[in-house]
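Here's what TrEMBL has on this protein:
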COMPBIAS  553-566  compositional bias 'Basic and acidic residues'
DOMAIN    505-683  domain 'STAS'
REGION    553-573  region 'Disordered'
REGION    623-659  region 'Disordered'
TRANSMEM  92-117  transmembrane segment
TRANSMEM  123-139  transmembrane segment
TRANSMEM  171-193  transmembrane segment
TRANSMEM  255-272  transmembrane segment
TRANSMEM  316-337  transmembrane segment
TRANSMEM  392-412  transmembrane segment
TRANSMEM  449-481  transmembrane segment
């Protein structure tokens, strides 16, 4: 293979020269505040059209919908997703501590709203296990069974289930409306970037921990027992302990039905996965199991669509924290799925419009007795894999749900909760697969692994709301620690290449004799400036503190020497300018004094700058001049030599090496604050002093 070599030659530019070469503009191209205000207040048909399309994305794509290309795929996909909505909606309603019919409502109204306002073409909005369990934790906390005991004393009476469930619906609707309001406000103020603070390891760790909460909450239906309700930190552990205590009371018929249903669901779902390319539609095993088991279950209530009702605003103060947590988690799941499908199929998802769309879905749904929604991974995958191209598939799925509620809703009113719990278990498979993130993150990024583990553990131990807050706080701390504790390295050249790598990591990377190339893995700012200096002197072998002390002593001695010369000149009635000039060039000044006069160039001047070799090195270093450490001046004057030799022992101790040049690699510095500027100035002055001393010795 022919070896290719590249040689790059260009002028080294300082800031002033760069501005000259690149023709830096002296004016701004941004519109002024007045121009922006006039633009916002102006009106045109084109601007109105843009506003309508931005707020109602459906107007942009539905009029141009290619029926021949997309219709068949969207209808098939919509039917498949609609069939999944039915059992999942009812099963997830149990997680929210609501009756199954409210899960069907939640699978209908919000889907229609998202069809109008959403920008993703493939996600399936509706019930989701994590959001359902978050809603359920609030409804059970604010409406426990103990508040609805009737016909008894000391807690021995029965529970008024109808009254309890009605109040829980009010709580869920109020929480949902407040969640939607938060999301709409965040979308209006263009706060869609907030999801960037929820990293992928955080979201996946949180959903995995939430899946454990969902699983434990359904075990009571699987075994047919009624454990005590616990809240607060460690409630999941207490619930598991109580379930183990109640295992001898297991209802055998419910356990058998659950195990049979679970086995059938798992087998058929695996077959759906294995033959997904050959099957035109997945086998709707969940719906089949529900329908078959309904034959053995009486029903007496015909569910119908409810008229809209204003939620109880007095509950807002009790659920405001939970509403914000649900809003953030729901949006994070929704936008992550939306962007995944958008990247795969080559279109754009507007993060701010997604906030508005999800917020409107929750707000409108809350008025129709729905609870909070987000996108579901399992349904979204089915919607995409069965040929869905647009949200018309979502519209078809909502029509399937509507027909179910209006015509055959009684089939799904009184179902064995054990069967619905098995549906929940089977649909948690994807979340439990996220445990495989642990070995993958161990190999790739241990900091992300730590975020995943802390998120999962805090969600398990401190419940969903407090666990989320702890997770976000810890994730922010990792960013701070990465900035505060960066990796510092000395770079060396790999022989035969132009590569400069860490000498501690790469054996073939060798330092250039006399040159230290120092690099930090993160930006240099006020949080790590002091550490930067400490590691720099450790890696370079130069004790900056001692050099600063030596420099101050030398400056003080030089100042005293100049003052002494001035006083001596005054005593001899000599012009002090002669003394200053004498300090700069002893031989010239001696010649001038011998003749009894100064050159014509010095006459009439009031100030003469005294530049020692040390100062010359500083100026040359800052202006990008030739490194004098490779061109030592052999014609130093006696005064310069005296100055450089002073403090020789202290300077030798401070240097600790034969370093002649130090290069600071600041390629990772993305911004510069005042502390950084002062730090770099101190480094420049100290290193220039050290280089000046190295030249003399």
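Note: Cβ is positioned from N, Cα and C throughout, glycine not excepted.
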Local confidence of the prediction over the domain 'STAS' (505-683), expressed as mean pLDDT: 62
Long-range environment of the transmembrane segment (316-337) - Cβ separation under 8 angstroms, sequence gap at least 6: 120, 123, 125, 128, 130-131, 134-135, 137-138, 142, 171, 174-175, 178-180, 182-183, 186, 192, 194-195, 198, 200, 203, 206-207, 349, 351, 354-355, 358-359, 362, 372-375, 377, 380, 464-465, 468-469
Within the region 'Disordered' (553-573), residues counted as helix, strand or coil by DSSP: 19 helix, 0 strand, 2 coil
